[in-house]
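J.: Below you will find the structure I want to go over with you.
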């Protein structure tokens, strides 16, 4: 799908369709008022007859409006004008894209980017429109034998901006939006792949292909079980013992900073390509969704693609910690004591708390890069879902400025995160009679005790942990990976690169 920006009057557009907003109750947006005036009150007369109230998501498609060059006008309900916020704006764009796609409008000029969204500029509105459009049109049908496509799918969308001065900002927003959307799609595609295809070797192959596609800036190395053993990554290795698929850790290194000595930003993604729970096996219901336990690694892969496509002037390292947790004759057991790469020992009380056992060694491994910051991303705890639902990602950190940066980026990107504490009391829940710590700390505060566990392996650098167990995928009728938090981390890196889109 092609995107562009322009600045022009609605009555001069010869597009197949013009998209304008209507507020509740039956109030025309400024652009809709212009069209109404040119059409001698045609649109307002329809509204007076009750054809459209203006509630969020309502639509009315008009054909051959008097004195208008465009074939059609799509009126889209935007709710109450003063209440139009980020969430409603995205809903309006989503409804617009679906309507255009379903009604055979192959091209359109969209004036919704001229609406006033509280606290948001033109760059944000155009970029969010691009990302939302790509998200709305996303399908995962690679493994279907019969694929259905719209008869006349939407091919081209032009976003109108109020003044010519904002064209440059709009063009930059499209560039950034397309890159972020590409990263989100890559993460979703990986997440939606079935576990009989997407194992640690598949993750490694994708990481290598990324290096091939962006060979100027990216080098990928894959660390297998033999090298992990030599490195002392016994905790990581233990989790994969029950599986016939080899555990593989893929390290994607991007160099974009002109200063070769600049410290890298390191992203570490949990890549459990299937999590049965191991000996502490999960219930059968919903176990199919445990293919999504690698969405942390999928996020890192998606973000590395964004970084490479935008050629950000940063050094970024992405680690995909690939593994599979299965029961078997060689599987690790409750009661085992593991020696981690850091030398600390862990008593295994539950083999279904395996993600932290993989991550702790990966977090120790990345010390060698002398990182600026390290951020791990993991579908780690059901407790985080209980705390924050499926809407907000959990954030923990040992460094206040980093936590504030990530929260700010989450608000900018509309990919929200919320900080949880790492208090001394929670560390006490991890006490073990037989090892330095246990791998679980009981039901109370489970998301926080998991973060406390990881923090014991991050003392040498500034670190943040994103628990995406509630936000990485959807269940039910619309089951599928969400691609979160690719947008959050992409915004964080754009901010670090000084490309935050502020006019």
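Cβ coordinates are placed from backbone N, Cα and C, and glycine is handled just like the others.
Straight out of Swiss-Prot:
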- 270, 275, 293, 354: Mn(2+) 2 binding site (BINDING)
- 275, 352, 354: Mn(2+) 1 binding site (BINDING)
- 282: active site (ACT_SITE)
- 356: active site (ACT_SITE)
J.: Residue 352 (Mn(2+) 1 binding site): which of the recorded positions 270, 275, 282, 293 have a C-alpha within 10 angstroms of it?
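T.: Taking 270, 275, 282, 293 one by one, the ones whose Cα falls within 10 Å of residue 352 (Mn(2+) 1 binding site) are 275, 282.
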J.: Are there residues of the same chain, six or more positions away from residue 354 (Mn(2+) 2 binding site), whose CB falls under 8 angstroms from its CB, and which are they?
T.: 239, 272, 275, 278, 323, 325
J.: Identify, in sequence order, the residues in the chain of residue 356 (active site) that are 6 or more apart from it along the sequence and have a CB within less than 8 Å of its CB; answer 'none' if there are none.
T.: 378, 380, 439, 450, 453, 454
J.: Using an 8 Å cut-off from the Cβ centroid of 270, 275, 293, 354, can you name the remaining same-chain residues around the Mn(2+) 2 site, in sequence order?
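T.: The answer, listed by sequence position, is 239, 272, 290, 294, 323, 325, 355, 358, 378, 379.
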J.: Per 10 Å Cβ neighbour count, which of the recorded positions 270, 282 ranks highest?
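T.: Within the set of recorded positions, the most crowded position is 270.
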J.: If you count CB neighbours within 10 Å, which one among the binding-site residues 275, 293, 352 has the smallest count?
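T.: Comparing Cβ neighbour counts within 10 Å for the binding-site residues 275, 293, 352 gives 352.
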J.: Can you tell me whether DSSP puts residue 282 (active site) in helix, strand or coil?
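T.: Once the DSSP labels are grouped into three classes, residue 282 (active site) ends up as coil.
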J.: About how far apart, in whole Å, are the alpha carbons (Cα) of residue 293 (Mn(2+) 2 binding site) and residue 282 (active site)?
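T.: Taking the Cα atoms only, residue 293 (Mn(2+) 2 binding site) lies 13 Å from residue 282 (active site).
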J.: Cα of residue 282 (active site) to Cα of residue 270 (Mn(2+) 2 binding site): how many Å, rounded?
T.: 18
J.: Starting from the Cβ centroid of 275, 352, 354, the recorded Mn(2+) 1 site, name every other residue in that chain with its Cβ within 8 Å, sequence order please.
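T.: So the extra residues in range turn out to be 239, 272, 276, 277, 278, 280, 282, 290, 293, 325, 351, 353, 355.
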J.: Three-state secondary structure of residue 270 (Mn(2+) 2 binding site) from DSSP?
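T.: DSSP call for residue 270 (Mn(2+) 2 binding site): strand.
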